[in-house]
Amino acid sequence: MKIEAVIFDWAGTTVDYGCFAPLEVFMKIFHKRGVEITVEEARKPMGLLKIDHVRALTEMPRIADEWKRVFGQLPTEVDIHEMYEEFEEILFSILPSYATPIEGVKEVIASLRERGIKIGSTTGYTREMMDIVAKEAALQGYKPDFLVTPDDVPAGRPYPWMCYKNAMELDVYPMNHMIKVGDTVSDMKEGRNAGMWTVGVILGSSELGLTEEEVESMDSVELREKIEVVRNRFVENGAHFTIETMQELENIIEHIEKQELIIS
């Protein structure tokens, strides 16, 4: 068994530590309409195509009830599209500031390439959003061999189509010769649905939802508890392995290759 390619998520995995770029924008577009949503609610659908993320928020029972209290009816598709248009406009203006590679990512990518491993990527961002993020990340030294957005396939996560398109472009088959690395539940489902080894990264993830400063200053016992909650969430949603930082990824690769493991 040889791992031939690794498919990475972007925000919260390789760039934008903590995946903060979309968070406040989601909260802002609901606040503007008199509907308050929490940070936890805003994060829950992270990893989905962003219009699907807005739709998922409106379908949460508490948010739907609050919307009905304010407007006298449940959110409509018109409401969802109006909010998404506002979301896009605000997000485009701030994305360049949220494309910095997470510490250690560039070094890990370089090491993987030395092993002959190809680097692909998937995302919940649209192609237009990723044109901004990928360009800025490349200027800072991170550029995967291939990028697929939900715009390029029939549907985004949790469907496996973005992973399949990476496999075709990178010329890697069967799918168990590839690893999917991400920081959200939808990443785990995407990888498993594609028949790939699936790895959840915890520190810097949307699921953990902490800044670097918060991680560094937090009581070690409290931080460990939060890490274990995220680890369990990843495993419950299909992760074969979890890592706290990207630097642990090569150990996972060596384990898979040496043990001749089979995806179950």
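Even glycines carry a Cβ here, placed using N, Cα and C.
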- Task: Name the one residue among Asp183, Asp219 that Swiss-Prot lists for the same Mg(2+) site as Asp9, Ala11.
- Result: Asp183
- Name, in the order they occur in the sequence, the residues of the same chain whose CB lies under 8 A from the CB of Asp183 (Mg(2+) binding site) and which sit 6 or more residues away. Asp9, Gly12, Thr13, Cys19, Gly47, Gly200, Val201, Ile202, Gly204, Ser205, Ser206, Glu207, Leu208
- All chains considered, the count of other Cβ atoms within 10 Å of the Cβ of Lys50 (active site, schiff-base intermediate with substrate) is 23
- Query: Which whole-number value in Å describes the distance between the Cα atoms of Ala11 (Mg(2+) binding site) and Lys50 (active site, schiff-base intermediate with substrate)?
  - Reply: 13
- Query: Apart from Asp9, Ala11, Asp183, which residues in this chain have a Cβ no more than 8 Å from the mean position of the Cβ atoms of those residues at the Mg(2+) site?
  - Reply: Phe8, Trp10, Gly12, Thr13, Thr14, Asp16, Cys19, Met46, Gly47, Thr123, Gly182, Thr184, Asp187, Ser205, Ser206
- Query: Within 10 angstroms of the C-beta of Asp9 (active site, nucleophile), what count of other C-beta atoms is obtained when all protein chains are considered?
  - Reply: 27
